[in-house]
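Structure first, commentary second.
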Amino acid sequence: MEVFYYLVFGVLGLVVAALELSKNNKDRVNTSSAFNSFKNNYLIVYSLMMAGDWLQGPYVYYLYSTYGFGKGDIGQLFIAGFGSSMLFGTIVGSLADKQGRKRACITYCITYILSCITKHSPQYKVLMVGRVLGGIATSLLFSSFESWLVAEHNKRGFEQQWLSVTFSKAVFFGNGLVAIIAGLFGNLLVDTFALGPVAPFDAAACFLAIGMAVILSSWTENYGDPSESKDLLTQFRGAAVAIASDEKIALLGAIQSLFEGSMYTFVFLWTPALSPNDEEIPHGFIFATFMLASMLGSSLASRLLARSTPRVESYMQIVFLVSGAALLLPILMTLFIAPSKVKGGGISFSGCFQLLGFCIFEACVGLFWPSIMKMRSQYIPEEARSTIMNFFRIPLNIFVCVVLYNVNAFPITVMFGMCSIFLFVASLLQRRLMLIVDKPKTNDWTPLEERNTEEDPLNI
């Protein structure tokens with residue numbers, strides 16, 4: 001079955017290369033040299049930030065286990081990370097809008113570097129502090145950088161359509177190519193050079209430090225609402241009012257939470273799904289294959305976003321349906337193919353089919369990221385962008401914490417079925433969003449300051 005892995009990886013690589021090399025003028029957006037310089041600077045920074053994140057991922061569980069912690073203790077450490085992202089994420093998002101997105105991006109670098117340093121200690125309390133810091137950093141990574149990009153793009157007067165170019169390239173490189181290289185580099189450090197499981201975290205800290213230096217030297221500051229009269233509570237209320245008063249924002253938040261909740265659950269499920277009887281599978285190579293599938297999706301997204309039709313609100317309905325169907329494969333395999341009772345060995349026949357389905361799901365993930373970024377740039381008001389984006393992550397983090405806590409309570413087929421239902425619901429919500437967007441506009445955006453005043457006329 002080893003040939004099967006290389007065959008899947010090779011076919012995906014050829015398809016990605018063909019998609020990139022076959023792009024014509026219709027698939028490309030004509031941009032200016034000033035924009036290209038701005039875009040390349042952001043892509044360098046974003047790739048360094050993602051390298052710092054991807055280097056750590058495959059070795060967190062392994063590092064904790066080498067320190068002698070059991071599954072229960074490790075589970076609590078993971079829950080602490082998602083819990084801190086939920087509790088502190090909204091606060092740091094609001095601070096980013098008020099104190100500056102560039103400062104927030106620098107804070108991400110410092111916080112994640114400190115988290116990497118804690119990995120040198122085998123003390124449980126120190127590792128717990130590291131997980132809390134890592135959770136805060138994750139919230140900053142997935143809100144502050146995008147908020148800075150959108151605000152700076154608009155401040156420099158670039159065309160709105162050009163944002164989709166940066167988004168698709170950021171996902172192609174940062175969530176695809178960089179992830180593959182980071183996985184191979186981490187494997188080189190730990191296995192080839194035998195530097196131990198802490199080595200990838202030290203390498204991650206170095207990449208984060210380089211990225212921080214680029215930010216300090218080349219980025220300018222921008223804000224959401226820097227008003228001195230607004231405290232955090234007022235910002236939270238303004239963000240909540242924006243979500244409650246505009247159905248497009250509420251739908252976008254629900255869609256994001258449903259998809260990302262399914263995506264993070266899939267991260268915990270794919271290994272036991274492919275090796276239910278402790279089959280020997282090349283985890284690193286499969287991870288690289290998934291990232292290549294994600295690159296395929298982001299390459300498709302760049303083509304779609306470069307054209308006026310189909311619109312992002314339209315094709316994302318299909319993406320959610322396909323991703324939901326892909327995660328139904330483990331259930332179908334259980335129903336129609338008798339599970340093997342043989343322990344060990346290579347991947348099973350049903351496992352091969354599931355791997356293909358998982359690659360389809362990862363391609364949908366690659367389509368999702370630049371597309372959701374595009375929709376967020378259109379519908380989320382600038383003055384509270386980071387705050388609202390972190391509001392969206394609250395139900396996501398609650399869901400992942402519940403899944404982690406009860407990961408052994410439900411059969412794996414039930415978990416996949418739940419994820420599929422979530423994705424089908426996301427497709428329905430996406431259709432609702434498209435119908436709302438297609439309605440004739442009766443009024444434009446109301447700034448959050450005006451909304452707050454309307455909510456509370458005495459709050460001036």
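For all residues, glycine too, the Cβ spot is worked out from N, Cα and C.
Heads up, TrEMBL stuff is auto-annotated, nobody curated it.
The transmembrane segment annotation in TrEMBL covers 6-22 (among others). Listed as Cβ neighbours of the transmembrane segment (6-22) (distance under 8 Å, sequence separation of 6 or more from its ends, same chain) are residues 285, 288-289, 292-293, 295-296, 299-300, 303, 355-356, 359.
The transmembrane segment feature in TrEMBL is assigned to 43-62 (among others).
Look at TrEMBL and you will find 74-96 (among others) tagged as transmembrane segment.
The transmembrane segment annotation in TrEMBL covers 128-150 (among others).
Sequence annotations record features per position, and here TrEMBL assigns transmembrane segment to 170-189 (among others).
Annotation comment: TrEMBL describes 201-219 (among others) as transmembrane segment. Remote same-chain partners of the transmembrane segment (201-219), defined as residues 6 or more beyond its termini with a Cβ less than 8 Å from a stretch Cβ, comprise 41, 44-45, 48-49, 51-53, 55-56, 59, 63, 102, 105-106, 109-110, 112-113, 116-117, 119, 148, 152, 185-186, 189.
As annotated by TrEMBL, transmembrane segment applies to 285-306 (among others).
Taken from TrEMBL, the feature transmembrane segment applies to 318-338 (among others).
The transmembrane segment feature in TrEMBL is assigned to 344-369 (among others).
Residues or ranges marked as transmembrane segment by TrEMBL: 390-406 (among others). Packing against the transmembrane segment (390-406) from elsewhere in the chain are residues 75, 78-79, 82-83, 85-86, 89-90, 92-94, 139, 142-143, 239-240, 243, 252-253, 256-257, 260-261, 264-265, 268, 415: each is 6 or more residues past its ends and has a CB under 8 Å from a CB in it.
Sequence annotations record features per position, and here TrEMBL assigns transmembrane segment to 412-429 (among others).
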>> Need a quick answer: max count of Cβ pairs under 8 Å to the transmembrane segment (285-306), which of 43-62, 128-150, 170-189, 318-338, 344-369 is it?
In response: 344-369
> List, by number or range, the same-chain residues at least 6 past the transmembrane segment (74-96) whose CB is under 8 A from its CB atoms?
Replying inline: 60-61, 64-65, 103-104, 107, 127-128, 131-136, 138-140, 143-144, 147, 224, 232, 235-236, 239, 384, 386-391, 393-394, 397-398, 400-401, 404-405, 407
>> Contact between the transmembrane segment (170-189) and the transmembrane segment (344-369) is defined here as three or more C-beta pairs under 8 Å separated by at least 6 residues; is that satisfied?
In response: yes
>> Which residues of the chain, 6 or more past the ends of the transmembrane segment (412-429), have a CB below 8 A from one of its CBs?
In response: 251, 254-255, 258-259, 261-262, 265-266, 269, 272-273, 276, 317-318, 320-321, 323-325, 327-328, 330-331, 334, 403
